[in-house]
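K.L.:
Quick paste of what TrEMBL says about this protein:
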type	residues	note
REPEAT	99-133	repeat 'PPR'
REPEAT	134-169	repeat 'PPR'
REPEAT	170-204	repeat 'PPR'
REPEAT	205-235	repeat 'PPR'
REPEAT	239-273	repeat 'PPR'
REPEAT	274-308	repeat 'PPR'
REPEAT	309-343	repeat 'PPR'
REPEAT	344-378	repeat 'PPR'
REPEAT	379-413	repeat 'PPR'
DOMAIN	617-706	domain 'Smr'
Amino acid sequence: EVLQLALFNGQTSLENVLVSFESKLCGSDDYTFLLRELGNRGEHEKAIKCFQFAVRRERRKNEQGKLASAMISILGRLGKVELAMGIFETALREGYGNTVYAFSALISAYGRSGYYDEAIKVFDSMKNYGLKPNSVTYNAVIDACGKGGVEFKRVVEIFDEMLSGGVQPDRITFNSLLAVCSRGGLWEAAMNLFSEMVNRGIDRDIFTYNTLLDAVCKGGQMDLAFDIMEEMPANVLPNVVTYSTMIDGYAKAGRFNDALNLFNEMKFLGIGLDRVSYNTLLSIYAKLGRFEEALDICREMEGSGIRKDVVTYNALLGGYGKQGKYNEVRRLFDEMKAQRVSPNLLTYSTVIDVYSKGGLYEEAMDVFREFKRAGLKADVVLYSALIDALCKNGLVESAVSLLDEMTKEGIRPNVVTYNSIIDAFGRSTTSECLSDTGQISELQTKTSSLVIERGIEADTGQISELQTKTSSLVIERGIEADATDGEDNRIIKIFGQLAAEKGGQAKKGCGVRQEILCIRCDSFEDASMLLEELRLFDNQVYGVAHGLLMGYRENVWIQAQSLFDEVKSMDSSTASAFYNALTDMLWHFGQKRGAQLVVLEGKRRQVWENVWSNSCLDLHLMSSGAARAMVHAWLLNIRSIVFEGHELPKLLSILTGWGKHSKVVGDGALKRAVEALLTGMGAPFQLAKCNLGRFISNGPVITAWLRESGTLKLLVLHDDRTHLENTRFQEISNLQTIPL
C-alpha cells in the first residue's frame, strides 16, 4: 500500500506517506522492500528519500548497515555510481557503513559501470577497516574485473587469494571467471575452469554453458564448441543465446553453411530468434551475396516486432559494399537516416571503406565530412579503412602519417591496419602522373614500387625531367592554396586529389605543380628502412616483418610465434589477410624460403581450412605470394610420397578460383601467377576445360616429372639474404624432410 502511494504521489508528499504508515512498517526488511521496488521502477530519488527516512528511524547500526547496502546496490544497478558512493561515504562516516556487505555493494556498483580501477581500490581498502572479504565480495570484484577488461592473470590472482583465504567459490564465482575468459577468447582457460566446476560438484546453469561457448567460439574452436553444445541437453537445454553464440562463431570462422544449418535447427525446435540472431543471419546472407534471403530475414524480423537497428544496417551496408553494389549502399545509408536510425562509428567506417575501395572518392569525402559534423571520434576501424584506401592507391607516406596520428590519439593499430601497410610492400605498382602542361609518360616499375603521392603548391614551373635511380620514392604533392591546416582537412584533401586523378580532372595552370621523384623498393635497404621506421609504432608486428625480411629468422621466430598466436584468435578472413600480406612482402623481396615457412605456419594453424590433400591444392583464398610458396611446399610433399614408394592419385588438381573480380572471368591475377610459376618450372599441369581456375594433371605424368634429376632443385626455395644466425634453419637442407 505504501509502495502504491509512493509511486502515485510526488516526492514532497512521500515523507507524509511514510510517517502515516510508520507504525505498520516492521523494521529494515519492509523498508528494503520499498527501496528495491522503487529502484526497479527507476524511481531512484524517491528510493533515496525513503532510505534517509528509514535510517533516521532505525537506531540499530547493523540494521542501518543493511539499508545502506541495499541502497548502494540499487543505485549501482541503475548506473548511479556517484550517488552510491555518496551513500557509502555517509554510512562510513556515521558508523554503520563499516560492513562487508556495504563494501561489496559499492564494488559491484563500480563494476556495473565499468569503473574496475575504483572497484579494486575499494576491495583493497577493506583490509584497512579490518574487514575480511566473503564470497559476495570476491564475486563482485571478479565480475568488475571482467566487465572492465582486466587481464586474466590479475583476476586469477584475486581468485587464488579467495581460495587461500578459505572462501569457497560458487557458481557465480565461476560464471564471472568464465565471463573474463569470454571477453578475451581464452578458450583453454575457460575449459579448465569448467572442469574445475565439475570436479567441485558445482551445478552449471545456462549462463555457464553460454559463457563457455562464447569463449570457445571467440577462440575459433568451433568443433569443440559444437561438442559442448551437443552435451548440454543432459544438464540444461540450449536457448536462443546458445544458438546465437554458435551461429555467430561459425559466421566469423567463415563456416556459413554450418551457421545456416543451426538456424534451421532453431526453427525446427521452435526457438524464437532474438535481435542478435536475426542480425547475425542477415550478416551471413549479406556476406554470401544472397540479398533476397537477407531481405527476407529483414521482413521476418520486422514482422516479429523487431525493427532494423544500426547493427542491421551495418551488416547490409558491408554486404552490398563487398559485392560492389554502390547504389544499394547509397540507398541504405539514406534510408537508415530517414528512419531515424543514427549511423554509428562502424557505419561511417564501413561506408568510407566501401566507397574508397570502389574508387568513389568524392562520396567517401562527403561521408567523412558528415562523420565530422556528427561529432564522432575516429576509432581503429575508421583509421584502418582510411589507411587501407591510401595504401591501395600508393599513398603509403600519407598512410604512415595517419598511423602516426592514430597512435598519438591513443588508438592502438590492429592487425587490419598492419595488413594494409605490409601488403603495400608486396604490391606491384604502375603510376601515371600528370604535369601542368600535360601527361607524363607512364612510369613503369619493374619490381614493386612504393608510390607515395603528395601535393606541393608552387607558383610556376613544370616538370623538366624524371630521374629514377635504383632507390627512389614517388611523391606527388598537390595542396590547394586556400586549404587550411589540420588532420581532417588533410584527409579531405587526399580524397579530393584521388577523386580528381580518377576523373582525369587535374587542373592545368592552377598554380599546382605535381612534383614527382621515384624511389623503387627493389632492394632490401629501401624496404628495411621503411620497416625500421614502422617498428616505432609496433615492434611486435613490424619487428617480425623486418626480421624476416632481413633474414634474421632464427632471432625473430619466437617473437613471430607469439604474433601468430595473437592473429589466430581473430576471425578467419582477418587472419588469412595477415598471412597473405606478410608472405607477399617476403616473396616479392626474394625471401622465398621465409615466405614458405610463414605460409606453412598458417597451414599448421588452419588459417586456410582444407588447403591441401595428396590429390588437391586449394589456393583460392590465398594471395599471389602465399599461393606460389604453397605450390612449392605441396609439390615437395607429393615428391616425398613418390620417393617413399607410394602411388599418386590418378588426378591431381590445383585450384585458383574463377577470378570473379577480374575484368575477364577466369583470368584472375592469382591464376596467372600460378600458371607462370608452373610453366617456369616445367610442371606438367594444364587448365581444365570445364573449370578456368583449375590446373590438372595425372599421377603417372607428375611422378615421372618429380623423379627427374633437376626437379628437386627447382622445388626447394631459398632466401636472397640469410645470416649465420639461421644455422638451424639451413641445416634443414631439403623441405621434403619436414613433416608437412
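Placement of Cβ uses the backbone N, Cα and C atoms for every residue, glycine included.
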K.L.:
For the repeat 'PPR' (170-204), jot down how many residues DSSP puts in helix, in strand and in coil.
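P.N.:
Looking at the repeat 'PPR' (170-204) with DSSP, the answer is 28 helix, 0 strand, 7 coil.
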K.L.:
On the 0 to 100 scale, where does the mean pLDDT of the repeat 'PPR' (99-133) fall?
P.N.:
85
K.L.:
Work out, from DSSP, the number of helix, strand and coil residues along the repeat 'PPR' (344-378).
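P.N.:
Taking the repeat 'PPR' (344-378) as a whole: 26 helix, 0 strand, 9 coil.
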K.L.:
Let me spell it out: take the repeat 'PPR' (99-133), skip the flanking residues so only those 6+ beyond its ends count, and list any with a Cβ under 8 Å from a Cβ in it.
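P.N.:
Contacts of the repeat 'PPR' (99-133) (Cβ under 8 Å, skipping residues fewer than 6 from its ends): 62, 65-66, 68-70, 72-73, 75-77, 79, 81, 84-85, 88, 91-92, 140-141, 143-145, 147-150, 158, 162, 165, 167.
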K.L.:
Quickly jot the same-chain residues contacting the repeat 'PPR' (170-204) by Cβ under 8 Å, restricted to those at least six beyond its ends, or write none.
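P.N.:
Distant Cβ neighbours of the repeat 'PPR' (170-204) are 135, 138-139, 142-143, 145-147, 149-150, 152, 155, 159, 162, 211-212, 214-216, 218-221, 224, 235-236, 569.
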K.L.:
Looking only at residues six or more beyond either end of the repeat 'PPR' (309-343), which have a C-beta under 8 A from one in the stretch?
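P.N.:
Same-chain residues near the repeat 'PPR' (309-343) but 6 or more away: 275, 278-279, 282-283, 285-287, 289, 291, 294, 298, 301, 350-351, 353-355, 357-358, 360, 363, 367, 374.
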K.L.:
According to DSSP, how is the repeat 'PPR' (205-235) divided among helix, strand and coil residues?
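P.N.:
Secondary-structure breakdown of the repeat 'PPR' (205-235): 26 helix, 0 strand, 5 coil.
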